[in-house]
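Engineer: I am attaching a structure below and will ask some questions about it afterwards.
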C-alpha cells in the first residue's frame, strides 16, 4: 500500500514539475528534467546527506517509468489538467505525508537526533519543489508564500516522535502522524492558514 | 588516448565557463569557480549520486591545473577566442561523447539499470553547463533552446547498449557509440536540428 | 576553544543568512532555511565531496539549536542589529579563518593533494554564502564584488602548507595561518583591497 501511495505522490510531483517548466517555455528535455527533479529531488538530497548511495530512484527503475509517463501525459493533456486539480492536490498531499515519514524513518535508521530526522522528513517532502524552482530561476515558492506547506511536515514529525514515546503500535503511530500532515495541509489550503507575518507592511 | 580526449574536453568546458562568467562581469575568483564547475560539475554530480567519493577531480590534480591554465588563457586572449571557435566546438563535442560513455560505464560498474546508466552519462556530459547557468542566475540553456544537445547523449547511450547485446568487440561498441554522439551533435549544430516544438506560438 | 570559535562563526553566518532572506521578504520557514544553509552549507558541500556522511551538522544537534536561536534573535532585533555590526564582522572573519583550516585538515585526512585541500578549506568557509545567494536568486556575491573574501582563505591555506614543511609545532602552524586569514580579511575590509579588475570599463 505504501508503494502505491509513493507512486501516486511521484505522479503528482512530476506533473507539478511539468506545469512549472511549461510556464517557463522549456523544451521537451527541460520539462522532463524538471519533472524528474521535482519528483525525486527531495529524496535524493536526503540520501546524499546521510550517505545512502546510489540514491533511491537509481535502484528502482519504476520511478523513472512513472515520471516519464506522467510527463508525457501532462504535456499531452495540459489544457485539461485543470479538471484533475482536486485529484492532484490530494495525491500531492498524501505524497507529502508519506515522504515526510519515509525521511524520518531513514534518519532514525541512521541513528540521528529526532530533530534532524524531522528535518530529513521535511526535506524529502519539500526540497524537490525547491530544486525545481532554483532550476526555473525563481526564489523557491515554499520560502516565499506565507503558507504552512513545510510546517505541516514538521508538525506531523513531532506527532510521530511524541506518539512513539507511548505504548502504541508502530503502525498506528505511522498512520496517525501521516494523517496529521494530510489533514492539516488540506485544512491549510482550504482556510488559507499562514505563518505569522513578520513584516510590518 | 581517452585521457587526452578527457583533457581536451576539460579545456573546452572550462573555456566555455570563462566566457559565460565574463559576460556576467564576474571577478577573477568567480570566473575561476565557474570554469571549474562547468568542467567538472557533471562528473561531480554523477559521483555524488552513485556514492563514488572523494569525487574524481579531487583524486587527480591534473584537472585542476588544466582548468586554471585554460581559464588564464581564456581571460588573457578573450578577444581572440573567436578564432578558436571551430576547435572549441570540436573539443567540446568530443568531450561530450567521451563523458557520456564514462558516465554509462560508471553506472554499469555500480550495477544500475541501463536507462539509469544512460541518464548518468547524459548528466556527466551536460550538468556542468546546468550548474554553470544556475550560478550565473540563468535558466539552464539546455532546458530552453530547442537543440538536441542532451538528446545526442541519450541516442549514443542507446546505441551503446544495443550494440552491447551483439557479439561485437567492446572497444568497437565504445568507439561507434562515441562517434554517434559526436556526428549527430555536429550535424545538429550545422543543420540546427531541434526537438519538436510543443508550444503553439 | 576551537568549538567556541566554531559556534561564534555559526552565529555570524546564520545572522547574515537571516538578513539576506528578510531583504527578499521570505516567510519564517524560508528565513530559517536560509540561515541554516548559510551556516552549514559550505561544510555540507565539503563533506559530500569527500564522502564523509552523514554530514557534520547532522551528527551534532548543537548547530541546529544555535542556528534556530540566532535566527529568532536576528528576526526579533532586526532593527538593532546594526549596532552589532563590528562584532558580527569579527565573528564572521574568525569563523572564516577556522572553517578554512577545518576544511584543509579534512582534506589532509582524506589524503588529498594540498591544492585540493586548500580548495576544500575555501569551500567550507565561503560556499554557505554561495548557496544562500542561489536560493535567494542572486548571482553569488563572492563571484561579483572584486573583494578578496575567498582569496584570503587561499592565502591562509598556502601559509598553512608552507609552514607545515618547516620544523614548527603544528599548533603554531594552525594559529599563524588562521591569523593570516583573519588579519588579511580585516585589512581588506578596512582598505577595500580588491582583485585586479580584468574588464576595461
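Every residue number used here counts from 1 along the chain in the order it is shown.
Backbone N, Cα and C define each Cβ position, glycine as well.
Automatic prediction, not curation, is the source of TrEMBL annotations.
Reproduced below are the annotations present in TrEMBL:
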- A:4-78: domain 'Glycine transporter' (DOMAIN)
- A:6-22: transmembrane segment (TRANSMEM)
- A:29-49: transmembrane segment (TRANSMEM)
- A:61-77: transmembrane segment (TRANSMEM)
- A:84-104: transmembrane segment (TRANSMEM)
- A:90-163: domain 'Glycine transporter' (DOMAIN)
- A:110-135: transmembrane segment (TRANSMEM)
- A:147-166: transmembrane segment (TRANSMEM)
- A:172-189: transmembrane segment (TRANSMEM)
Engineer: I'm checking region-level scores; what's the whole-number mean pLDDT for the domain 'Glycine transporter' (A:90-163)?
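Structural biologist: Mean pLDDT for the domain 'Glycine transporter' (A:90-163): 88.
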Engineer: Give me the stretch from A:29-49, A:61-77, A:172-189 with the greatest number of Cβ pairs under 8 Å to the transmembrane segment (A:6-22).
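Structural biologist: Counting Cβ pairs under 8 Å, the winner is A:29-49.
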Engineer: Looking only at the domain 'Glycine transporter' (A:4-78), what are its DSSP counts of helix, strand and coil residues?
Structural biologist: 63 helix, 0 strand, 12 coil
Engineer: In the domain 'Glycine transporter' (A:90-163), how many residues does DSSP put in helix, strand and coil?
Structural biologist: 61 helix, 0 strand, 13 coil
Engineer: The transmembrane segment (A:172-189): which same-chain residues, six or more beyond its ends, come within Cβ distance under 8 Å?
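Structural biologist: Residues 89, 93-94, 96-98, 100-101, 147-149, 152-153, 155-157, 159-160, 163-164 contact the transmembrane segment (A:172-189) from elsewhere in the chain.
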